[in-house]
Amino acid sequence: MKVTVVGAGAVGASCAEYIAIKNFASEVIILDIKEGFAEGKAMDLMQTASLNGFDTKITGSTNDYSKTADSDICVITSGIPRKPGMTREELIGINAGIVKMVSTSLIEHSPNTIIIVVSNPMDTMTYLVHKATGLPKNRIIGMGGALDSARFKYRLAEALGAPISDVDGMVIGGHSDKGMVPLTRLATRNSVPVSEFISEERLEQVLQDTKVGGATLTGLLGTSAWYAPGAAVSSMVQAIACDTKKIFPCSTLLEGEYGLHDLCIGVPVILGKNGIESIVEINLSTSEKAHMQESAIGVSATNKLLTL
Ligand SMILES: NC(=O)c1ccc[n+]([C@@H]2O[C@H](COP(=O)([O-])OP(=O)(O)OC[C@H]3O[C@@H](n4cnc5c(N)ncnc54)[C@H](O)[C@@H]3O)[C@@H](O)[C@H]2O)c1
Ligand SMILES: O=C(O)C[C@H](O)C(=O)O
């Protein structure tokens, strides 16, 4: 199993580290445009191998895509992150050009690969990769919902005073401050609806804190987060590499599912060796449907800013 991660920055390196520590891939290539940067990150990570007990071989490359040839999975984390006070959508001007160039370079060398898009604004970048590469929809997957759901579970556990392992919940919709749709109605503590334990007001606070999870961290860190994003990507890579068929909310091209067309947005999917094995259509309440519709309008408006 060969995995390429483009962008050796905060998220790319964290993602490569978690993939290596989980020890399911034989090879991870990290590629960056900055001279020597990916090679340095790869060497530093390889020097953790004996300490962390993994055999994954990590190699760095400065923009040499021939090193990425025949990758089974490629992750795109290249591009600029936001600064405090910015929205993810404001990154489109710089990141669209980077993501377009990177995705076409990747498939030149790995025509059968599965691409996971991380760069922001992620739903629009995932749509752009569709337009730029023409790959089948099961092989282009945006990462957002896995991270947002992890943050949702963190906030739920905090509100419930429960261990996170006792909590389950999912966030669908666009990966944006306004567009996320945390499914509070379906969240549970060990199979019991969370509404049995906490008030509607507290649950609303959990929902709001979840939606601004990325912005909150950006305010604290001065740049956007990397540990949870890296862990979220690595879990998706593992599900594909090990053909687990686990459900993750992912950004995927919708062609009528959830009543939506011609955009990529977060919905539950089954991940396996073919990438997206299927989209899971769950019954949403009237208000969840309305939030999803509103979220889709936001994503489509950002898509319109692309020059395709
Ligand atoms: N989808 C998500 O949930 C999620 C989560 C976190 C971050 N992000 C996004 O991921 C991106 C990366 O964030 P980061 O914190 O790692 O940023 P970073 O600045 O630490 O790293 C980005 C890296 O991309 C490299 N790069 C730029 N242009 C490139 C090119 N053409 N080819 C190869 N490499 C190139 C840079 O040299 C840099 O090393 C940002 O757009 C950020 O908003 C998304
Ligand atoms: O918040 C950001 O800009 C980065 C990322 O999308 C996140 O949610 O951490």
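Cβ atoms here come from the backbone N, Cα and C positions, even for glycine.
His175 (active site, proton acceptor) falls within neither a helix nor a strand when secondary structure is assigned with DSSP, and so counts as coil. Less than 8 angstroms from the CB of His175 (active site, proton acceptor) sit Arg88, Asn120, Pro121, Met122, Asp123, Gly142, Gly144, Gly145, Leu147, Asp148, Ser251, Gly266, each of them six or more residues away in the same chain. What TrEMBL lists as active site, proton acceptor is His175.
Residues annotated as NAD(+) binding site in TrEMBL: Gly7, Ala8, Gly9, Ala10, Val11, Gly12, Asp32, Asn95, Val118, Ser119, Asn120. DSSP assigns Asn120 (NAD(+) binding site) to coil in the three-state reduction, outside any helix or strand.
Feature annotation from TrEMBL assigns substrate binding site to Arg82, Arg88, Asn120, Arg151. Under the three-state DSSP scheme, Arg82 (substrate binding site) falls in the coil class.
Residues or ranges marked as domain 'Lactate/malate dehydrogenase N-terminal' by TrEMBL: 1-142.
Mean pLDDT, taken over the domain 'Lactate/malate dehydrogenase C-terminal' (147-296), works out to 98 on the 0 to 100 scale. The domain 'Lactate/malate dehydrogenase C-terminal' annotation in TrEMBL covers 147-296.
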If we take the residues Arg82, Arg88, Asn120, Arg151 that the record assigns to substrate, their largest CA-CA distance in Å comes out at 18
Helix, strand, coil: count each for the residues of the domain 'Lactate/malate dehydrogenase N-terminal' (1-142), based on DSSP.
68 helix, 28 strand, 46 coil
Among Asp32, Arg82, Val118, the binding-site residues whose C-beta sits under 6 Å from ligand 2
Arg82
Max Cα-Cα distance in Å among Gly7, Ala8, Gly9, Ala10, Val11, Gly12, Asp32, Asn95, Val118, Ser119, Asn120, the residues listed as binding NAD(+)?
17
In Å, rounded, how far does the Cα of Gly9 (NAD(+) binding site) sit from the Cα of Arg82 (substrate binding site)?
13
